[in-house]
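As annotated by TrEMBL, ATP binding site applies to 38-45, 647-654. If you look up TrEMBL, you'll see 259-286, 746-772 marked as zinc finger. Taken from TrEMBL, the feature domain 'ABC transporter' covers 603-943.
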Amino acid sequence: MKPELKTNDFIRVKGARENNLKNVNIDIPKNQFVVITGLSGSGKSSLAFNTIYAEGRRRYLESLSSYARQFLGNSDKPDVDSIEGLSPAISIDQKTTSHNPRSTVGTVTEIYDYLRLLWARIGIPFCPNGHGAIQTQTVNQIANQIFNLPVKSRIQILAPTIKNQRGTFANEFAKYQQLGFLRVWVDGQVYTLDEEIKLDKNTKHNLSVVVDRIVINQDKQTLGRIVDAIEGVIKLTEGRIEVLLEDGKILSFNKNHGCDQCGFSISELEPRLFSFNSPLGSCEYCKGLGFSYEPDVEKIIPNPLLSINEGGIDIFKNIVHGTSLDWQRFLSLINHYQIPLDQPLGQMDTDLVRMILEGSDEPIEIKTVSNSGAKNVRFEHYEGVAHLIKRRHLETSSQASREWYSAYMSEITCKKCQGKKLTTNSLSVKLGGLDIISFTELSIDKAIEFLLQIELNQEQKKIGELALKEIINRLSFLKNVGLEYLNLARRASTLSGGEAQRIRLATQIGSQLTGVLYVLDEPSIGLHQKDNDRLINTMMVMRDLGNTLLVVEHDSETMLAADYLIDIGPKAGNQGGEVVAAGTPLEVMENTDSLTGQYLSGKKQIEVPKTRHAGNGRTLTLKGAKGNNLKNINVTIPLNKLVLVTGVSGSGKSTLINQTLVPILERLVNYKNVKPAPYKEIIGVNHIDKVVVVSQDPIGRTPRSNPATYVSVFDDIRELFANTKEAKARGYTNSRFSFNVAGGRCDKCFGDGVIRIEMHFLPDVYVTCEMCDGKKYNPQTLEVKYLGKSIFDVLQMSCQEAYDFFKAIPNIARKLKLLCDVGLEYLQLGLNVTFLSGGEAQRIKLAKFLQKKATGKTLYVLDEPSTGLHIEDINKLLTVIQRIIKNGDSVIIIEHNLDIIKMADYIIDLGPEGGEKGGQIIAQGTPEQLLNQVDKSYTAQYLAKILK
C-alpha cells in the first residue's frame, strides 16, 4: 500500500545568512498573501529577494542546458542551509521596464500585439485624400464593373506603371516591347512602342501600358477578354488597374485595398503593417521612433540677453576668443558678416542669428591656425552652430562627447508622421473611426470604454471576438492596479519604478499562472490611498488563483490586509537580520517586541504637530502651467514651510514640480541649461538662491564609490590617518589611504578586496584576495592606526559606530551625525553604493546637502521620500526636514504617505482624477483646512480618517 502523500503547505527556510541575516529559520505559508516588513536595512530584501527568490531562480537555471544558461546569466547560490517547498519564482521589482525608446506600455504588456492583429483582421482602410472607405476587389468583381459599361463602348485597359516620375523611360519602353505590348499611354497621349518616344527628363510623367483595347459586347467572349486583360495588368502593377474611356475619362480600380478615385492603395493587411519596429510599417523618416533629436535653439542660446562675448552661445561660452578651431571658424563668419560680438543675441538681426545657427548663405573665407602654427585658408559655407552640434552628435564614438552635444538637443516630433511612428498606409486603416496609434493614445479608461461601445458587423465580431476579449481583459488588469490614467503609447522609459512594477503585475495577472511564488518590492510606491485599495484587491486575486505572494512592504493598509506578516528587525544593519514577529497582523500587533506591531496597533504613532510653521511671508507663484495634462493652472507656494504636493496617480504632481517648477528654478537660479514644460510666468524667484533636488536616482556608477566617499567624510578620515605620527614618520600623504590610487592599495586586487574568476556556464566566483585578505590595502598601509583601528577597520564600521568612534573630531562627527539623523546609522561606511536602494540613495544625498550652511533662501525638492521607509524611519526623516524649515529654508515634497502629509504646513492637492481628468488644483491649505474640502478631494477624505 502506497504511503499517504501530505501537501507541503510551507516554504521552509533554514539557516539564512545572506547579508545581515542571522541564521534565520522561518516557515512561510504557501498560497497566502505574505508581507515582509521592518526598518530600512533590517534584512527584508535579503530574505525575500537575495535568499528565497535567488534560490528559486538558481534552481530554475540549473534545470536548463549549459547552452541556454549562457544567454540567461548566472546566479550565485545564496548563503542558506536549505529551502524546502519552493515554487517557481517570479520577481516583480521597482526597476524601470525598459530604456528602449521603442518600448511602450502597449508593447511591454503585449496588448499592442493583439491590437495589430485586430486592426489587420477587421480594420477598414480609408483613403487619406478623403475619398472614403476602400475595399479589396477580386478580378471578377472588377471585370463585372467594366463589363457593365454601356454596350459598344470602346475602352482601353491600362497598366499604370509610372506615376509622377522624372525621366525618359527608354529602358521601360524597350522592356514593354519585349513583353509583347504594342502601345503605351503617356501624359494623356497614346504612342506605339515601335516609334521613337521623346520625353523631357526633367519633367514628371505618367505612363501606362495599353494591355488591351476592347469594344463592350454582352457576351462571354468579351467578359473573358476583360478578365485576361486585368490579370495581365496585375502582373505589371501589383493590383492597380485603369480603364481609359472614349471621352478621355479614366476609371481606377485596385485588386488590393485601393481608392478608385485617386489610385491610393495599400498592400494586404497584416500585423507587420502596424508595427513601428518593422520596415513595412514604420515611418521611413523617423524609423518608427516618432521623433528625432534636433538642435534646440533655446538650449544653444539659453539667455538671449547675453551677447556672444558674454557667453550667449552656450557651447562657445568657455572658448570665446580662444584658440579652438571651432571658435576660429565661427570668428570667420563673424568677420565676414560683421556680426556684433557685444550686442545681446535677442536684439540682433534675425538673419544674422539664423546664419549663426544654420550657416552662411554663400561660401566665405574661413581662416584657421593650428596649434603647431600651420595656417589654413578655405572658401566654403560655414555650417552653423546647430548643424555643427548635430553632425558631431552623429559622428562621435565617445559616450561623453555624445552626452555633451545631447545637452544642446531636444526630441522633436517627426514632421512626416507627426509622432505617430507609422506610415500613411498603416494609419489609413481604422476601426471605429480611429487608427491604431490614435487608439493607443487614449487613456486606459477611455480605451476600455471605446472597445465596449464599438459597433461592428457580424463578420467583424466573429473574427475579432477573441482578440477583443483579450485586449479588454488586459486593459482592465491595468485599471485594477491604478494605472487607468496611462495610455498604451506612453514610452516605458518614462514610467516611474512603481508604475513599471504594477504594469508587470497586471501582465502576470493576465497570464493566469497558478502555483507560482511572486516576490514583490513595495508595489504601493507612487500610489494614492484610493488606488492602493484596488492594488490590494488585485494581489488578493493573484493569491486566489493559487499563487503565493511574498511582498516587501511598509504600507499599513497592505500589512493589515495580509494573511501573514513577518517583521524583520529589531533594528537595521548589524542590529537587524532577525525575525522579531511572525503571524497574522493581529498576532504581530500583540507582540510587544515588534516596532511594526506597535505602529499598526496605534500604541506608537507620529504625532501631529500642535502648531504649523508660520513661514516667512514670501511666496513663489507659477502661472499658466500647462505641461502634459496640467490645465493652465496657477499655483502659489508659501516659502519657509513644508509644502506637500498630493493627488491621485497621474494627476500632474510630477509635471508641475519636477518638469515645470524645478527646471525653471534650475535655469534661473542654478544656471543649468534645462528646458521646463510650458508655462506663462513665475514670480518670486528672487526669494530663492539655490534649488536642491533630492531624487532617488542612483549615486555613483563605480562600485568603488561608498557612503563615506559620497558625503566626503572619507577625505577627512584619510587626512586624519595621514596626520598620525606613524604616517608622518613614513612620509605617507592622504593618497596613501585611498583604495583608488596605487601606492597604499593592494597591488593584486587593485583595492577591491576580492578577485573575480570567470567560470564558463557557472556563476562568476569572487574569492577573497589572498594578498590583502580582503582588506583592500597593502600591509604597510594597514600598520598605520588611529586609536587602534586601521583605515580598513573604519570602512567596516556602520555610520553609528563610526560616529561614536570619531565623536571627538568635529568635522568628521558632524558629517556622520547627518547620516545617522536621516536614518542610515546601520549603513556600512565602505558599502558599495550600487547596492543602495533608491530611498537610501535619496537620504545620503540629503545628508550631503545638509552639510552646507543654511541660507534661508534654499528650496529643497523631494519626490516620495517615504519610498522604502518604515514608519519609524519616516519619523526620523521628518525630524531632519523640520530642522531645514527651522533654519529658514523651504521644502516641497511630492508624496502619498499620510504620515508625511499630516505634518505639512501647506498642501496643494491635484486632481480630481489621473490623466486627462486631472491637472487641476482641487484643494489647498493646511491639513485642517483640507478637511473642509472632502467633497472634492480624495486626499482630504483619507486625511480626515487620521486627523479626527
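Note that Cβ sites are derived from N, Cα and C of the backbone, with glycine treated the same way.
Because TrEMBL annotations are produced automatically, they should be read as predictions rather than curated entries.
Projection of TrEMBL feature records onto the structure.
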residue : record           : Cβ contacts under 8 Å, 6 or more apart
Gly38   : ATP binding site : Lys44, Asp567, Ile568, Gly569, Gly576, Val580, Thr596, His870
Ser40   : ATP binding site : Ala572, Gly823, Tyr826, Ser837, Gly839, Glu840, Gly868, Leu869, His870, Asp873
Ser42   : ATP binding site : Asn20, Ile568, Gly569, Lys571, Ala572, Gly576, Gly577, His870
Gly647  : ATP binding site : His528, Lys653, Asp909, Leu910, Gly911, Gly918, Ile922, Thr939
Ser649  : ATP binding site : Gly482, Leu483, Tyr485, Glu499, Gly526, Leu527, His528, Asp531, Gly914
Ser651  : ATP binding site : Tyr485, Asn629, Leu910, Gly911, Pro912, Glu913, Gly914, Gly918, Gly919
For the zinc finger (259-286), find every same-chain residue at least 6 residues outside the stretch whose CB is under 8 Å from a CB in it, and list them.
102, 113, 115-117, 119-121, 123, 125, 127-129, 131, 134, 136, 160, 163, 239-240, 242, 251-253, 292, 414-417, 420-423, 425-426, 428-429, 436
Under DSSP, the zinc finger (259-286) has how many residues in helix, strand and coil?
4 helix, 3 strand, 21 coil
For the domain 'ABC transporter' (603-943), provide the mean pLDDT of the predicted model.
90
Within 10 Å of the Cβ of Lys44 (ATP binding site), how many other Cβ atoms can you find? Include all protein chains, please.
27
